[in-house]
Ligand code: ADP
């Protein structure tokens, strides 16, 4: 069974074709600049040369057509015919309170997703465009929606309610939803496998540290708390997002700087985080280099970032009443030994002892703590596409 996984953004579309009998990736790629001049698809079938196809892509439908052409292409394709695609798995960012798991996409699901668009105006509309486009191009192929929010629907009310007037929750569904759920679920499951223990017996904190970053408390397989909230702005300091701050700063800044709500939103989402503090970059590689060269603001950005990760690990260990494992994943979590080391420094009281030799690794499943460390720290590369394909296969 072959599953096509699609992750549609506003102007991009990432895809993977996975053979679910072996879980092998047959082809993957990305269409960029959809709806903008200069659009192209970077495509790579496993074992074949990478190709770049420059072509006009006015919308997601045009992009998906080109991707499908690539997949069945004589020289750089991966399958002989589109009929080999048994199902399409779509990454959908926001499932609101309606979806606590993946679903087969039907009319009712689409209508509910339209409603959820209000909660994720930047993300859900392009996800839906991908769904509508596939429906037209591959009308007889079943589709599944896999939600970033679904894994966190197990959070108790005490974790997801904000201390605002309760009526606002009823009226607007203002609550914490959490994101990156597919990744948190995947790495928690992998951690249990690697540790050789049932997930149902483990208390795990999963740290997804990429451009966007979030942490989850996975208590015996269930997410009971996570750092992102109503939107992906809450929680950790990120590449360009501020994460947690005193909410009174928003009205203060609007008054002092004469900012509109849109401008403030832009400041908190695009100009803050480690970029805002360091003034160097949102990319941790640049910031680490600047810090090594003695740039004090770069040093400070890393310290603020790491301290907040540490704080959440401590908070979630307290919430779960114990801690068996901490997992680091995504761009920074998988690549930066400095981040892992510095976040875990001082956590010996939680049973964590980092082994510097084992921690000197990138992008490979590894236990980076000493053998006698009571709490294990693991590096696990995330694989959201595989998780989406697995959920799709299970439902089909
Ligand atoms: P996203 O999917 O959210 O865009 P990724 O998980 O790909 O993000 O992570 C991207 C981030 O990972 C980059 O912005 C960079 O800061 C960080 N990163 C990637 N490689 C390294 C590295 N070798 N050292 C430090 N940070 C890295």
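Heads up, the Cβ atoms here are built off N, Cα and C, so glycines get one too.
Taken verbatim from TrEMBL:
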type	residues	note
ACT_SITE	148	active site, proton donor/acceptor
BINDING	7, 384	Mg(2+) binding site
BINDING	14, 208, 209, 210, 211, 212, 283, 284, 285, 331, 332, 333, 334, 335	ATP binding site
BINDING	91	substrate binding site
SITE	180	site 'Transition state stabilizer'
SITE	241	site 'Transition state stabilizer'
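Location within the structure of each feature annotated in TrEMBL.
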| residue | record | Cβ within 10 Å |
| --- | --- | --- |
| 14 | ATP binding site | 19 |
| 148 | active site, proton donor/acceptor | 26 |
| 180 | site 'Transition state stabilizer' | 30 |
| 209 | ATP binding site | 26 |
| 211 | ATP binding site | 15 |
| 241 | site 'Transition state stabilizer' | 26 |
| 283 | ATP binding site | 15 |
| 332 | ATP binding site | 26 |
| 334 | ATP binding site | 22 |
| 384 | Mg(2+) binding site | 23 |
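Among the recorded positions 7, 14, 209, 241, no residue has its Cβ under 6 Å from any atom of ligand 1.
Each residue contributes its Cα atom, and for the residue listed as 'substrate binding site' and residue 7 (Mg(2+) binding site) these two points are 5 Å apart.
Using CA atoms as reference points, the recorded positions 148, 211, 283, 285, 334 were checked against residue 180 (site 'Transition state stabilizer'), and the closest is 148. Counting only the Cα atoms, the space from residue 332 (ATP binding site) to residue 241 (site 'Transition state stabilizer') is about 15 angstrom. For residue 91 (substrate binding site), the count of additional Cβ atoms within 10 Å of its Cβ stands at 22 [all protein chains shown].
Across 14, 208, 209, 210, 211, 212, 283, 284, 285, 331, 332, 333, 334, 335, which the record gives as binding ATP, the greatest C-alpha separation is 24 Å. Within the set of recorded positions 148, 211, 241, the entry lying nearest in space to residue 7 (Mg(2+) binding site) is 148 (CA atoms). In the three-state DSSP assignment, the secondary structure recorded for residue 91 (substrate binding site) is strand. Residue 384 (Mg(2+) binding site) falls within a helix when secondary structure is assigned with DSSP.
In the three-state DSSP classification, residue 334 (ATP binding site) falls within a helix.
DSSP assigns residue 283 (ATP binding site) to coil in the three-state reduction, placing it in neither a helix nor a strand. Checking each of the recorded positions 148, 241, 384 against residue 211 (ATP binding site) by C-alpha distance, the shortest gap belongs to 241.
On the backbone, the CA of residue 384 (Mg(2+) binding site) and the CA of the residue listed as 'active site, proton donor/acceptor' stand 10 Å apart.
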